[in-house]
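Features of the protein shown, as given by TrEMBL:
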DOMAIN    25-57  domain 'EGF-like'
DOMAIN    59-89  domain 'EGF-like'
DOMAIN    91-120  domain 'EGF-like'
DOMAIN    122-152  domain 'EGF-like'
DOMAIN    154-181  domain 'EGF-like'
DOMAIN    183-212  domain 'EGF-like'
DOMAIN    277-311  domain 'EGF-like'
DOMAIN    392-423  domain 'EGF-like'
DOMAIN    425-456  domain 'EGF-like'
DOMAIN    486-520  domain 'EGF-like'
TRANSMEM  536-561  transmembrane segment
Amino acid sequence: MVGCKISGECYKCNEGFYGKTCNVTCPSPNCRNGCERNTGNCTGWGCDAGFWGPLCQKTCPKNCGFTFCHQVDGTCQTCKDGYSGKTCSQTCNYEHCSLCQFDVTTCFNCYHGWWGEHCDKKCTDHCSNPYCSQHTGKCGKCNPGFYGPYCEGTCKSVCETCSDNTTCDTCKTGYYGFDCTQRCSNRCESCSRDGKCLNCRAGYFGEGCMCEFSQCDEISKGSCSRCKLEKTWYPYQNGCCPCNDYCNSYNNGPSCNSTGCIEGCKDGYFGEQCVTSCSNNCVSKGNETCDNETGVCLHGCKQGWHLPFCDFNCSLHFPHCKLCKEYTDNKNKPYVVCETCKSGHYKELYSGLCKPCENCDGGFCDGTIGSCNWGCQNGWYAKGKRYLCEYPCPDKCSRNQCERIRGKCKQGCQVGYYGSHCLNTCPANCMNNTCDFASGECLLGCVSGYRGAYCNESCAIWCGVRGCRQDDGNCKDCIYGRYGKGCLENCSSNCVDVACNQTGFCTNGCIAGWTGLFCEVLQKSSLPAKVTTSSFTATIVLGSLLGVAVVLLIILSLTFWRVRRTGSGEFGVEMTRT
């Protein structure tokens, strides 16, 4: 309805103006659809991007995503990366989340030692660093003495590292042997798997940690020049080393010096000082087993052991290995690798050790790369071409079931989540927190006050308690005193209590002096007294008629009077004459 009332009050204003007579300019340039006629407040869907408030004069918080915020309360619809909260003024709400998205439902990065969708799960205490996969919680490496993907298994007490609780991958410091039960020499701080000293205890040094600083009797120019026991010890660096019992001795003089045994080694020993025995795994011929200088086995190795020193055993150095193979490097030096692992194990790429198949259906995997031959166990999935079942199905998959290759949830998501991996939470304003598990669109509509497929748009501020339609935003009802699409229109001020229905009809009737469906018609009885042409004409006609009637009445009265008079005079004479 356009135009104005008799009083001059406008029914509706042109865009950019407000007031009863539409003579006042809207106070804010940031109104999206003009301003409300009576108050000047922004109407309809509110403000331009970046502004909020009744007059759209307030600026949205700086960390709002896309600069949009709620027109009424200024809360952000989305946040820039790294911020959260209603006004995006907070960093990620989850304590251990280093980078999160707006609704703080998914952490993009966790602080070290934490994992999970919300970074609220602690890596197991025995992860090394501490560090574990943000998505799976698996440890990159275990602390000494623990094993398994989550480092929750306990190795045997003599193991430094292990793959299970029966065999050691490496021995604990101070132990060696196949099962790591043999103790290193008391002169060694640590030794190799075959018992050779790697580090010496304090006071000892040299090959096999056999030399002692305390045996030196005289120091000259920074080095030992004479030993306390000259015949059986020789000066070396800052101490003295013993002549080995396995040095050949053909006279009463010293059996060795700083260059080694003077007469060479006895059978079964080798090295400069003959301190190292030939391997027990060398094949012997007579008393001859290994070269006295190099220790290389002269006649080969016993079964299961490998050249050159026959000190490398496949089962000893590669637990769970089925077959080892010997190769030669570019310097013609032999070395051994595990060629094939036992069933239920695979060869780890970086270490060459045999590791148990992980999360494979039936427990079987490819022995070379560990890919699961029959797929993953329920609750696990694989990524990439190697098909390693190392990722648990996402937490929010319905029934904990997911595709075994890409991990997509097969049965949909738990209530409140959506996405192929159910990592996203349904929009906050979805009714009953329910949304389509594929698209995230709200299935049951929006909570009061919101609209749109994702319920992320606010209803117009004039919508009533029932809110607005989810699809087009039309108000289901209006606040008191408003009507029309979007409740943009004011009920007539001539309505009783300014109350009207959705079409603008005054529901409680009109105030005194007004009538019509919209109370837009002024009643005649209430008009002020004025002389008009029509009323003047009516008065003349009525006066004329009354005048004629009076004249006729006078004529009739005179006629009657004369008749009576004639009857008693002239009239009677004529009758008499007859």
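Glycine residues also receive a Cβ, built from the backbone N, Cα and C atoms like all the rest.
Unlike curated records, TrEMBL annotations are generated automatically.
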May I ask for the residues of the chain that lie six or more residues beyond the domain 'EGF-like' (183-212) and have a Cβ under 8 Å from a Cβ within it? 170-171, 173-177, 236-237, 239-242, 244, 271-273, 275-276, 311-312, 316-317
Report the mean pLDDT of the predicted model across the domain 'EGF-like' (425-456), rounded to a whole number. 88
Result, the domain 'EGF-like' (25-57) in contact with the domain 'EGF-like' (486-520) (3+ CB pairs under 8 Å): yes
Tertiary contacts of the domain 'EGF-like' (25-57), as residues 6+ beyond its ends and Cβ separation under 8 Å: 10, 12-13, 15-19, 66-74, 458, 460-462, 473, 486, 488, 490
So, by DSSP, how many helix, strand and coil residues make up the domain 'EGF-like' (277-311)? 0 helix, 9 strand, 26 coil
